Amino acid sequence: MEGWQEPPRIPLTQICRVSHTAPVATEIGQLTDTLPLTFDLAEDLVWAGDTNGIVSSYYGETLQPYSRFRAGRGRVTSLVSHDRGLVALTTDALHYSTRGGLTRKHVTDPSLGNNLCMTFTHGPTEFVVGGNPGKLVVVNSERGDVTRVVDSPGMATHMAGSSSCVVWGTENGKLVVGDNNLKELHTFQAHQGPFSDVSVQDNVVMTCGFSAASTGHRIDPLIKVWDLRMMRAMAPISYPLAAFVCQTPDSRTLITSPSGQLEFLDHATQQIKLYQAEVALVNGVKLSPRGHHFVVSDTSGQLQLWSDEPQSSFAEFSAPTAFPTPEQSYPPVSIRDTRYPLGAVGMPYYSDTLLSAMPSSIINVGMPPEEVDEDLEVRQIDFVGHAPNYKQQKRNLAQKYSNQRRTSIAAPKFLSEKEKERARRMEDIEDESFFGDEDTCTEASMSSKKVPRLYRKLEIKYSKFGISDFDFSYYNNHTGLSGLETNPFNPLLQLFRFCSPVFNFALRSVARGTPNRLLNEVGLLFDMMHKARGHVCRASNLMHCYDGIAQTRSLAPEDATNIVLFCRFLLEQIGFEQRQTPALFDSFRQLLGATVITVNTFSCGKMAQAESVWYTLELALGSTFYECLERTLDKELHTRAWCDKCRKYQSLHVSKHVESLPQVLTLSVADGNVDVAKSFLVLDGKVSPAAETDNDAYKLVGFICQIQGNGQVAFIRVGDEWYLFNDFLVTKVSEKEAFMKTPWKRTVMMVYAVGADERFDYDSWKNDMDVSALFEERLVNGNNVSRETTDYGYELIKEVPPPKTLCAIDAEFVVLKNEETEIRSDGTKVVLAPRNLCLARVTLLNEDGHPFINDYIAINEHIVDYLTAFSGIEPGDLDPSISRKPLVSLPTSYRRLWLLLNLGCVFVGHGLANDFRTINMQVPPEQVIDTVDLYYIPSERRKLSLRFLAWCVLGKKVQSGNHDSTEDSHTALLLYKKYQDCAPEEFQVLLLDVYRQGRMCNFKVPEA
C-alpha cells in the first residue's frame, strides 16, 4: 500500500464533458451522475463513456488517446471489456466493437430501453442487461440478438458478476443474488435508498448506497458486506462518506468519497492508508484487473490514473496494443522516369482475384536462369570473356518452375473445424488444397528413389462426426472427376469407369434389370460416380457383393488384395453369371473376352482341341512391347502329361492361339517381366495386335502402376488429358509424367479398347429401364408373411411417377460393427474406423402422405446394435425365418430408390445427406429437398432436430417413443408444405421465432 502516486492527469474536456445516470451522493446529500469507466482485460487501455453515446480509450500510464467512436444515440451507462474488444451499453442499445472502433454487433430491441447496467452471465458472449422495471434482458453479443427476457423484482441499477453468480441492486435498496441462469437464490435488504456502487470479488459482495432523509437521500455510513457461500451478512465496514467501493485480488478494499478521499483497507493486516485526490467531485472510480492501478474521474472533466507499481501492465497478461502504421510520404515520380521500376508502386486494396493469379495448369512459369559458376576460369581478350566448357551440364536448358520453400503442406482440417474457423473470423477462409507447386514432377524428382507424395498411400482421418467430416475436396485438384474411398481395387474400377464401351454396357445392363448382381453393382457404381460430379464415392456395395461369393473367402491374404487376380475373378464371375442368358453372354464375351483355341498334341499322335474365353491376357517375356504382345497371342510349351490312349506319360506339345480379340483388351504384366513393366511406352496410345482384329487399332485407355512401398495408382486418359487416380486423390498430369520411367513405379495392368472414343451414354438407357420393381412385392425367400395376415403399411404404385414427383423419404439403420478407437498416451481418443451401418428400413410417401414403399431389409449378418430407440427396429424384425415384417433384399430396395432417382423424382426428408451417404447413393442437389437446410440460419450454427421443428412449427409431438420412418417422413413432408405456404419474408420471421423459442427451451421439446 506504500507508494501510491498519481502520474500526470489528463483533462477529459479535450474529448468530451461527461454526465451520467447512476446517482452518487455528495457530502451534503445531493445526487449527481456517475461516469462509466473500465480497464481493458487484455491490453493496457482505459475506457470511458459520455452522455452523447461516445466511447473513448486511453493507452498506458500516460493516458494517451487511442480510439474514439459512437456506441449509440443515448448516453453510455456501462462498459465491459471483452477479449476481442469492448461491449458498451447505452440507454437504447448494446454495442460490441473492436478496440479500434469497428462494429462487430449493434443490438437494438424493444426490450432494450432505459438500460442502466450489465455484466457477464455464461462466458464472454452472453450479457444480462438491467434498467427496465421488472425484467432483465439477456443478449448474445456474438449473434447480435436478445436470447431471452427474465422477470425480476424491481429495477436493476447496478450489477456485478463472478464465475458462479450474478448480483444486482435495485432502486429500492434490495440486493438480489442469482445463478448464471438468473434464477433468484437470495435477496437482501442492503440500503433504504438506491445503490451507489456494488463490488464482487470471489465470494464477497460489498455495497454502498443511500438512506432516506428529510431532504431526500443521504449517504449510508456503512459499507455492507455479504458472504455468497453462506448467503449471510458479514460485519460491515464503517465509512461515513462511501460513494465507491472496489476490491482487489489481494484482499484489499478501496473506498472513495465524493470529495476525493481515498482509503485503502488491508483485510489481512487491518492496516488503513489514506490519500487525497485533487478533484472537484468524484463521479467514477475503477480498479485494474491486477489491483495496482485505478482511475478517478471528476465532474470538472479530469481523469487521474493512480499506481503503486509504475511501469507495469494493467492486466495480468497484457497483449501488445496495435497502433496504426505511420503514413510515409514519398516524393512524386514521373511515369516516364525509367529509374524506378513499376513494382515500386504499391497495390491498392482489392477483394477480387487478380488476373495475375493464374493457376499453373494454364501457363507453366519457368525458373530464372542459373547463376554462372564462380569457379569458371574466365579469361578476357579484347573485352570478350572466354572460359572452357567442362560439359558438366547442358547448355541453354530451361528448367520447370519449382518452389523450393514449400516442402510440405498441413493435413486437411475437418469440415467442422473449418466451419468454426469461418465463424471465429466472421469471414470466408480460403479452401486448402493438397496440391502445390512442388507437386509438379520433374525428371529429377521422378528419377529419385523417393516416392512423390502424390503417389503415396493416403489415409482417411475420422473425427467424432465420422467420415462425413473428412475434407475429400482437399485431394481433388478441381477436376470434376470423382475419386473413391480407400480400397485396393479402386484403380481397376476407375479404369473401367472411363472406358466408354464398358461403361455403356454396364449401365444398359442395370437399366434392363439383368439378374447378374455383380454386373449390376458395377453399373450402379459407375452411375453414382457420374452423378457425384467430383464428390468422392464408395464401392462398398460392390465389395460387399464380391466378398459374399464363396470362392473369395478361401483366398490367401496376399491374394485377397491382388488387383490382377481381382480383375480376372470379377470378369470371369460376371461371365459365368451371364451364361444363364446366352444373348447377354455373347455380348459380354465380345466386349471383354478373348477366344482362345488350345491344341494338345501328344508324341503318340493323339490330339485334343478346346475353346475357352480369357478375360485378361498376361504379357509374355520379350524385349519390346510388341514382341511381348505377339508371344502372348501365340503361346507354345512342351511338357509331359498322362495320355488316356497309351495309358502312360507322354511328351505333350501345347499350343494356345488367340483366335479373336475383344473390343476391350485387358493386359497384365507378371512380376518377373521387369523390362515391360518399366519401359513400355506407347505414347500415341495405339497398337495393332497380331491377330484377327479386322484391322481395327486399339487405343490405350489407361494403365495401373504399383508404387514401391505403397498401393496402386491409375493413369487414365479422359478426353485428351491424362489424370492420376490415387484412391480419393484426383489430379491432372502431363502425358510425359504418366509415361516417365521411375525406379519406384511398375506397370501391372493396362487396358486398350477399339472405339475408346465412343461417346459415354449417360441418359438414353433411361428410356429402356425395367421399372417392374416398383410394382412388385419381391419378398425374400423364407419370409412367411402375406397381405392377408400382415398389414404391410403401404400400397404399391400403379403407374410410373412423372419427373419432379415429390417423394417423402426416411431411412433407418442398424449397426453391424462398432467403431474402433484408440486411447493415446496423452489421453486423447482417436477413431481408427467408424462404425459400420447397414440400411434396415426405408419408407417413401407420395405427395398426399400415403406410403408406397415400406421396405424392411433382410440382413443375414450379425447385428451388433439395432438402435431401437432411433430406428424402431426390434430384434428379429430383419430375420426372414421369424420376422412378421415384409422383408426384401438390399439390392431390391436399392433398385427401387435408384429407379425413382433416374425417373426424376424429388426426395423430401430431414437429414438426407447422412441417409443417402449411408445408403451409398449419390443424388443430385436439384433432386433433394432437406428440411434441415430449409429451417436453418447459418449464423446460428445450429441445425434443428425433426422433433423440435414438429413441435415448434407444426404444433405436434413426434418420436415420443421409438422412431418410426413413416411418421418421420410424413413430418418432413408437412414441414416442406409449411415452407411452401409461407412467403419469403414471412418464412424468415417464422424461422427467427423458431430459433428464439429454441433458445428459451434449449432446443428441447418440453415434456409437459
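Note that the numbers count up from 1, one per residue, in the order the chain is shown.
Glycine is no exception: its Cβ is also placed from the backbone N, Cα and C atoms.
A quick note: this is a predicted structure, and the numbers were derived from the prediction, not measured.
Record features (Swiss-Prot):
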BINDING   D810, E812, D915, D968  divalent metal cation binding site
DOMAIN    450-755  domain 'USP'
DOMAIN    808-976  domain 'Exonuclease'
REGION    314-449  region 'Linker'
REPEAT    29-68  repeat 'WD 1'
REPEAT    110-149  repeat 'WD 2'
REPEAT    158-198  repeat 'WD 3'
REPEAT    200-236  repeat 'WD 4'
REPEAT    277-316  repeat 'WD 5'
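A map of Swiss-Prot features onto the structure.
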{"residue": "D810", "record": "divalent metal cation binding site", "DSSP (3 states)": "strand"}
{"residue": "D915", "record": "divalent metal cation binding site", "DSSP (3 states)": "helix"}
{"residue": "D968", "record": "divalent metal cation binding site", "DSSP (3 states)": "helix"}
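Applying an 8 A CB threshold to same-chain residues 6+ apart, the list for D915 (divalent metal cation binding site) reads I809, D810, A811, G909. For the repeat 'WD 3' (158-198), same-chain residues at least 6 beyond its ends with a Cβ under 8 Å from one of its own Cβ atoms are 22-25, 78, 116-122, 128, 130, 136, 138, 150, 152, 205-212, 217, 219-220, 224, 226, 228, 231, 233, 242-246. Across the repeat 'WD 4' (200-236), the prediction's mean pLDDT works out to 88.
The record gives D810, E812, D915, D968 for divalent metal cation. Within 8 Å of the mean position of their Cβ atoms, the other Cβ atoms in that chain belong to I809, A811, R841, V842, T843, G909, H910, G911, H963, S965, S969. Counting Cβ atoms from all protein chains shown, E812 (divalent metal cation binding site) has 25 others lying within 10 Å of its own Cβ. Secondary structure counts, DSSP: the repeat 'WD 1' (29-68) has 0 helix, 22 strand, 18 coil. The Cβ of D968 (divalent metal cation binding site) lies under 8 Å from the Cβ of D810, H910, L946, V958, Q959, each on the same chain and at least six residues away in sequence.
Around the Cβ of D810 (divalent metal cation binding site), the number of neighbouring Cβ atoms within 10 Å comes to 27. When DSSP labels each residue, the repeat 'WD 4' (200-236) comes out as 0 helix, 27 strand, 10 coil, counted as helix, strand and coil in that order.
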